[in-house]
Amino acid sequence: MISYKEPISLDGPTDFDKIKTQELEKYLWDAGSYESQEEALLSEEVLGKLDQIVKNWVKTVSHKKGFNEQLVHEANAKIFTFGSYRLGVHGPGAGLNTLCVGPNYATRNEDFFEELYGMLTQMPEVTQLHPVPDAHVPVMKFKFSGVSIDLLYAQLKLWVIPEDLDISQDSVLQGADERTVLSLNGCRSTYQILSLVPNIQNFRTALKCIKLWARRRGVYSNVVGFLGGMDWALLVGRICQLYPNALPSMLVSRFFRVYTQWRWPNPVMLCAIEEGSLGLSIWDPRRNPLDRYHKMPIITPAYPCMNSSYNVSSSTLHVMTEEFQRGNDICEGMEVNKADWSMLLEPYPFLEAYKNYLQIDISAENDDDLSRWKGWVKSQLHQLTLKIERDTNGLLQCRPHPVHFSDKSRLFHCCYFMGLQRKQGVPAQEGEKFDIRGTVEEFKVNVGAYTMWKPGMTIHVSHTRRRSIPLFVFPGGSVK
């Protein structure tokens, strides 16, 4: 494993690197990777309003609990941002990852998911409000003035939340429950990333490129078993540490070289794992048996460190390994002027890539129900991948597509697809067939256990050959 302490190269940029970086920056601008000034101002405005809302909320909570005037006056909550917005790589139309930090008496279940939820339902700016209290990291999802918001909650063991609270200090974790620790991790890790990469601007440009690449190649989604925004930021941050003087074009090239050669499950880390003094559980495969099963560990830098990529399966790791290899081949071609950025960032032709697919059709009674049902089914797709791997002894590999398709002729319906392919390099048995009907039925039973299920929420899973994919899936309603 590469030492996290030692860079691979301290070399500065060549003239070729400077030209390639200019070409990359132009490509990213032309591709619409940068938000406009109007969008940036709207995000700031929304965050300011949201901060005021949670301040009013906590005063309402303290008043309802019968606190004296002094405590009601001092009552405070505060909004923090993390993810792409805080890292400075926020693209047009991207949502905002936010964290509300509240005092010890403002509870998650009653006060956040009931009282604050009730306040938000009364606001005309708020639409598509979906509380998800049972998620691994509980979240309130909604749109505010058209901006998508994910709002987490951290209940600190403090009576008063100071306006200058520094959540990078480990003391904020004192006495916190597990869900508060999880909710704080995104913010704390984002701040750590910014302090651990050597050149923020080069990091941002390289990360914008890798995020665009991951979206276009269909591997940007931790929910379905690939990687999410935090994972890609950590992977790029590691390359910035290994090549601290490199320009973005070189960082992107070395990103593919390093991760093509990486020996998973060796972990990617930006800093040493801290034991900490609070006794919180940290990622440690020597002590925690479950950690040994992680396929592609990418470790968050803030205490308590966690594996951010726990949903990765054998199938999705195989897909990403192939994509890293393809990226490396193209970057090597760019070094001899036989390839360019558009080749690297060409969308993956998912609908032409496989002979066999699973089609997962879902429907509901109305838009609101479909939105909830769709989110739930998508969150379970990585389980379907794992079940198929289990029941075929790893011989049938899956490639879930992170984006759903909608049939405009059918109300309140959409579908997901998964590519299916026999594992390459393993001799096939004579007459070999894969029967995953029982696997699919088990998946449907698990999905049907959704706690917020309503009549009309249905799921249908079918085997579809490439030639039988419905036309509404293709751009313009026809096969290209």
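We number each residue from 1, going along the chain as drawn.
Using N, Cα and C of the backbone, Cβ positions are placed for all residues, glycine too.
The ATP binding site annotation in TrEMBL covers Phe82, Gly83, Ser84, Asp150, Lys211, Tyr220. The Cβ of Ser84 (ATP binding site) has 23 neighbouring Cβ atoms from other residues within 10 Å, across all protein chains displayed.
Taken residue by residue with DSSP, Asp150 (ATP binding site) is part of a strand. The Mg(2+) binding site annotation in TrEMBL covers Asp150.
According to TrEMBL, the feature domain 'Poly(A) polymerase nucleotidyltransferase' maps to 6-197.
Using DSSP to sort the residues of the domain 'Poly(A) polymerase central' (202-346) gives these counts of helix, strand and coil: 73 helix, 6 strand, 66 coil. Residues or ranges marked as domain 'Poly(A) polymerase central' by TrEMBL: 202-346.
What TrEMBL records for 350-408 is domain 'Poly(A) polymerase RNA-binding'. Secondary structure of the domain 'Poly(A) polymerase RNA-binding' (350-408) per DSSP, as helix, strand and coil residue counts: 29 helix, 14 strand, 16 coil.
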Binding residues Phe82, Gly83, Ser84, Asp150, Lys211, Tyr220 (ATP) - maximum C-alpha distance in whole Å: 19
List of residues, in chain order, with Cβ under 8 A from that of Asp150 (ATP binding site) and at least 6 apart: Gly95, Leu96, Asn97, Thr98, Val139, Met140, Lys141
Assigned conformation of Phe82 (ATP binding site) - DSSP reduced to three states: strand
Segment confidence, the domain 'Poly(A) polymerase central' (202-346), expressed as mean pLDDT: 97
C-beta crowding around Tyr220 (ATP binding site), within 10 angstroms: 21
